[in-house]
Amino acid sequence: MCCFHICRLEAVQKGASQTVIGLIFGCYALCNLMGSLVLGKYIVQIGAKFMLISGLFVSSVCTILFGLLDKVPDGATFIILCFIIRSVDAVGFSAAMTSSFAVSTKVFPNSIATVLGSLEIFTGLGLILGPPIGGWLYQSFGYEVPFMALGCFLFLMVPFNMYILPSFDADPSKDSFFRLFTRLKIVLICFAIFTLSSGLGFLDAALSIYAIDTFNLSPGYVGLLLLGLSLPYCLASPLLGIVSDRFPSTRPWFMVLGGLFTATGFWFLGPVPILQIKSQLWLVVFMLGIIGFSLSMTAIPTFPEILDCAYENGFEEGLSTLGLVSGLFGAVWSFGMFCGPTLGGFITQQLSFEWAASVQGGLAFLAAFFLGVYFLCQRTRQERSPQIQTKRPSDEATHLLT
């Protein structure tokens, strides 16, 4: 987020269409998806610490190389190099994220949502500080400097993590992603994760150009505009994580309400053309705030809910299962980040930004609806099961007496 909204502006100047820009950002997510699945499955064999360190190194080098793309010729050469560097960067990112999620939950098994919510403070800070700093560096020093600065910062994290992180030993498990997907609850939660990441991917690919064209904003002000999304996310994530751990029964309804708020945010972001409401800057900022809050409301409970469901269905408690769940989370998130820019860019090019945002809102509503129906049915079954259990002893006693 620090630099890549700048890349979209450079890509337009290099002759890339909205659809191609969406594919460039979408390929990153697609390679991230494949990397998350493979690395999540073999995290024990590779080693969680080595996976994290190597992922940071690869991502830092690719970020620096991305800053040199303004030197290449316009057209096909620029586009091909964008695809190559972004694809390799995605594998490094998937390695770092899969291992970091698994390590965090391994170290703090009883406070997963709290830890993830606390970590999202730094994600939020990156979202808050990244766009304005990146926009300022771009305006002041040109295209290369933001990428060089971010790449060097990532590279400094390599020796730091080599020194800080311990090694984690575990035995490989025979469980698989396919077995995870046999549970309906996990499938529905994954669909909710998909809608969230799809919406974010769409905003990442289309919002900056829409804001510049509609409100005549400079790149620096576009970075400030994204504060409306990142600040509520940063503030809400740790609080919602604490509540989710202390009151696990709230997690399902956090996900449902979060999905409904997300749908509302996207429907009024454009707004929906059929409402015939004129797009205004204050409305965009307000809706981004709702989306940011609802994102944390939905995303924070998903990881512990998937993990609890896995343990309830016989998965071994250990690093291998944590790697599977981390890989699944990363893969589904990446799939949404692929579909969001690709489909959103196509709809924006063929119709408008407003219709593309409306589609994202519809997906979020469907996810909330399906989860709500599932949790209501689950609650009904739980209320009936004690009654059935209390009837069985009396029935058995009757048979014995007779």
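Glycine too: its Cβ is placed from the backbone N, Cα and C atoms.
The following features are taken from TrEMBL:
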DOMAIN    1-381  domain 'Major facilitator superfamily (MFS) profile'
TRANSMEM  20-43  transmembrane segment
TRANSMEM  50-69  transmembrane segment
TRANSMEM  75-95  transmembrane segment
TRANSMEM  107-133  transmembrane segment
TRANSMEM  145-165  transmembrane segment
TRANSMEM  186-212  transmembrane segment
TRANSMEM  218-240  transmembrane segment
TRANSMEM  252-269  transmembrane segment
TRANSMEM  281-300  transmembrane segment
TRANSMEM  321-343  transmembrane segment
TRANSMEM  355-377  transmembrane segment
Any contact, the transmembrane segment (281-300) to the transmembrane segment (186-212), with at least 3 Cβ pairs under 8 A: yes
Selection from 107-133, 186-212, 252-269, the stretch that has most Cβ pairs under 8 A to the transmembrane segment (321-343): 186-212
Chain residues outside the transmembrane segment (107-133) and at least six past its termini with a C-beta under 8 angstroms from it: 1-3, 5, 101, 146, 220, 222-224, 226-227, 229-231, 233-235, 237-242, 244-245, 251, 296, 300-301, 303-304, 307, 317
Close approaches to the transmembrane segment (252-269) from elsewhere in its chain (Cβ under 8 angstroms; 6 or more beyond its ends): 189, 192, 195-196, 199, 240, 243-244, 275, 277, 283-284, 287-288, 290-291, 293-302, 305, 357-358, 360-362, 364-365, 367-369, 371-372, 375
